[in-house]
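Visitor: Quick one: this structure, given as structure tokens, is what I'll be asking you about.
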Amino acid sequence: PPYFRLIGIPGLEEEQFWIAFPFCIMYGITLLGNITLLLIIKTEPSLHEPMFLFLATLAVTDLVLSTSTIPKMLSIFWLGFGEIRFLSCLTQMFFIHVFSTVESGVLTAMALDRFVAICYPLRHSSILSVPVVVALVSLVLLRGVLLVGPVCILLHQRHFCRHHVIAHSYCEHMAVVRLACGDTRANDIYGLFVVFTVTGTDLVVISVSYAMILRVVTRLPSREARLKAFSTCTSHLCVILAFYTPALFTCFAHHFRHGIPPPVHIMVANLYLLLPPALNPVVYGVRTKKLWDRVL
């Protein structure tokens, strides 16, 4: 089709004008927080270490994720500009899903960084050197492109003989698949394969890393040492919960959507792209002493 039409939040078409205001505030916090984070890390040589390099990658990922969706979302809510060209829709879908997998991969790499820092503190700088960090980030990005590319190719080859109205605020994969003609099981199966491959692998690595961290921390002799070790992980755990909870809910709501009201589903899907990018710089800025001292 020449274009699709995004309707925003189904069932809340009249209220979404006002819903857009907190969304806009959150987007402003995302831009301000993540750009500030990048500038601090770039200008402070003492922050050029694995944890902050991963954090800088996370900030870039959040900026791409939010900017690829929120401006269009606000134009739908405030101006009613829901039309989006077919190729623009596929491009938006590509960036959303690629950088969602990149964010998951970066969070996994940060868990590995915490594992090495706590379990092998004397070898941390040699195990996770700058070239290793660059290689990990490159692999995470390559994984996202290789996994998500076929999703867009499969959709590009589909015919759309039904209406061209997408019951969503952005071009989410399964929301567009619902409009395709014929048998779409290949799209459904491959979409689930990508979700389970990415989140399954990453959550297993994160869980194993923190299990090992917990094992080492509980053996530390003093209470102060245990609290200090735990405090270095709490920021990361908060970010993981803020990212994976709405992400998994959104994914399974599309595939197993019975009993979930559309407004609830779409609101959570919007928060999935709004909440983590806005929270990440705030959580890390407050919880990380080096960053907080630099800000002050």
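Including glycine, each Cβ sits where the backbone N, Cα and C put it.
Sharing the features that TrEMBL gives for it:
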{"type": "TRANSMEM", "residues": "20-40", "note": "transmembrane segment"}
{"type": "DOMAIN", "residues": "33-284", "note": "domain 'G-protein coupled receptors family 1 profile'"}
{"type": "TRANSMEM", "residues": "52-74", "note": "transmembrane segment"}
{"type": "TRANSMEM", "residues": "94-116", "note": "transmembrane segment"}
{"type": "TRANSMEM", "residues": "128-148", "note": "transmembrane segment"}
{"type": "TRANSMEM", "residues": "189-213", "note": "transmembrane segment"}
{"type": "TRANSMEM", "residues": "225-244", "note": "transmembrane segment"}
{"type": "TRANSMEM", "residues": "264-286", "note": "transmembrane segment"}
Visitor: Ranking 52-74, 94-116, 128-148, 225-244 by Cβ pairs under 8 Å to the transmembrane segment (20-40), which is first?
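Guide: Checked against 52-74, 94-116, 128-148, 225-244; highest Cβ contact count belongs to 52-74.
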Visitor: Residues of the same chain, at least six outside the transmembrane segment (128-148), with any C-beta under 8 angstroms of its C-beta?
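Guide: Same-chain residues near the transmembrane segment (128-148) but 6 or more away: 48, 50, 53-54, 57, 94, 97-102, 105-106, 108-109, 112-113, 116, 194, 197-198.
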Visitor: Out of 52-74, 94-116, 189-213, 264-286, which stretch has the largest tally of CB pairs under 8 angstroms to the transmembrane segment (225-244)?
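Guide: Checked against 52-74, 94-116, 189-213, 264-286; highest Cβ contact count belongs to 264-286.
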Visitor: Under 8 angstroms, Cβ to Cβ: which one of 52-74, 94-116, 189-213 has the largest number of such pairs with the transmembrane segment (264-286)?
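Guide: Out of the listed stretches, 52-74 contacts the transmembrane segment (264-286) most.
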Visitor: With a Cβ cut-off under 8 Å, give me the same-chain residues at least six positions beyond the ends of the transmembrane segment (52-74) that come close to it.
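Guide: For the transmembrane segment (52-74), the nonlocal Cβ contacts are 6, 8, 20, 23-24, 27, 30-31, 34-35, 37-38, 41-42, 81, 84, 92, 95-96, 99-100, 102-103, 106-107, 109-110, 113, 130, 133, 137, 169-170, 239, 270, 273-274, 276-277, 280-281, 284, 290-291.
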Visitor: Averaged over the domain 'G-protein coupled receptors family 1 profile' (33-284), what pLDDT does the predicted model reach?
Guide: 85
